[in-house]
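**Student:** Pasting a structure here, questions to come.
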């Protein structure tokens, strides 16, 4: 039986009515005539009046009437909008009653309805019963499998679809690409896309770029992008986002410049990716320029969260707080970003106060929120509070502790000098400790001069990361400070045997929208002679204040005077001096480092900040250091 268009419907009944005049009269009193009943049902569906539409449908069911497929599609939309699962099932039952078989179009509507309700089994059952399946049917199921992370089912369905001679379209490939969790599958799909001539489709290209980048194949992602002239902002957003998400901020910004040069205007997605690139590179001034463009998008939550993250990770808590305060809508990401940002920048008490406000607001904390809280407790030395939150995070917030949470508590115990307790906690971890966990313990042992435990922690790190030059050097210096020269020689021998060399220290500073990089031992900067001269003058002034270079933080195989000269060539010292030379009085000097700041440079930065009446912010891979008035936000523990 096929559906009858309303325009041609006079009165079609199933089964045919055969009533007496009196019975017909009585029925007409109880219910309107068939044509009127279908007309009313149609009106209620288009008006999205779900209760009255369902009542009319029940009357139609009793009299064996059906409306046009388009009308039912409107009713299904209404059910979806109201999350009316039971009503949606009743509509399905009505349409398929008495052996009635709707067109493929309407069956696809019902499959999509079940998918959106999260009822994948019902969708699969209806799909399997279809006598004829078209590209929409297959694509709906493939998309559902991809969203449900049933990657094997999605890929298998594409093969079955091709066997039924149904040609995939751009939406099919865009959906199945998301199911690729391996490079081999991705390359097979890429070849298939080229064979059917869909490689130039905007959505397919965008999906290819996204998946290549998620698999770390940025070269292939850029190859897809460069294959043809890009005439769509979606593809630009994908390639810029790919490099930004993979921490290649330089290339992301280069692509952004190319996009602007090609005449494309940035939108929310573009600006979010560019902000991520600024975050990776700690480019505060460029981030502020992006903020100017973001203002026109007002209260876009994702964009505001990206701004928050950028300001926090560039060390500008004033700007971050300004954005956070103005946000009308805040989600768990907003709160967590601000709490973690305050904690990482040394503003622990502010972070904990904000956490209390978050709980009052009714926003449920997540994994990252608790990480920020524990980090704040660690920096503030709040051992009891940190231990309480760690022990009760599952009970209080429904969050199982992960490696990062353990790392924060190990750091907290280490700050308190409880290195043995920290070591025991590592042994009791529910998850396997990684190299970062052991490095945290190693750092605590360095501060508290626990040589034997330091040696044990270092060995655990090197088991997992045998080429970690920093661990070799730190262990060598710990031994040297304890006069254990044989152990020093053994560590150095191991380094030479593995061919491990120390990564040169590098520091970046942004001045007048230009990035200036300083590498230890590299004199290529055009102003290096003047920088070295100013550095020598500055050191002389500091020595007058009692500064003595701490040679414990250089390789112990250098002789006395060489060791002091080596300290002067540390990249962060060069960057600090260049910042003071280049930035007007009162401007904050902001520096990004690739290696952890050494103890001597830490002392140097504190003294310079006090003498020059400057704020110096140094972001290394471990912590953020805010130097002001002769103190550091890290509490001299790093």
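Cβ coordinates are placed from backbone N, Cα and C, and glycine is handled just like the others.
Annotated repeat 'PPR' per TrEMBL: 103-137, 232-266, 300-330, 331-365, 468-502, in sequence order. Annotation source TrEMBL lists domain 'DYW' at 546-638.
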**Student:** What is the number of residues in the repeat 'PPR' (468-502) that are helix, strand and coil, as DSSP sees it?
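**Tutor:** Taking each residue of the repeat 'PPR' (468-502) in turn, the totals are 27 helix, 0 strand, 8 coil.
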**Student:** I'm checking region-level scores; what's the whole-number mean pLDDT for the repeat 'PPR' (232-266)?
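**Tutor:** Mean pLDDT for the repeat 'PPR' (232-266): 92.
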**Student:** Take the repeat 'PPR' (103-137) and count its residues per DSSP category (helix H/G/I, strand E/B, coil), listing them in that order.
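**Tutor:** Residue counts for the repeat 'PPR' (103-137) by secondary structure: 26 helix, 0 strand, 9 coil.
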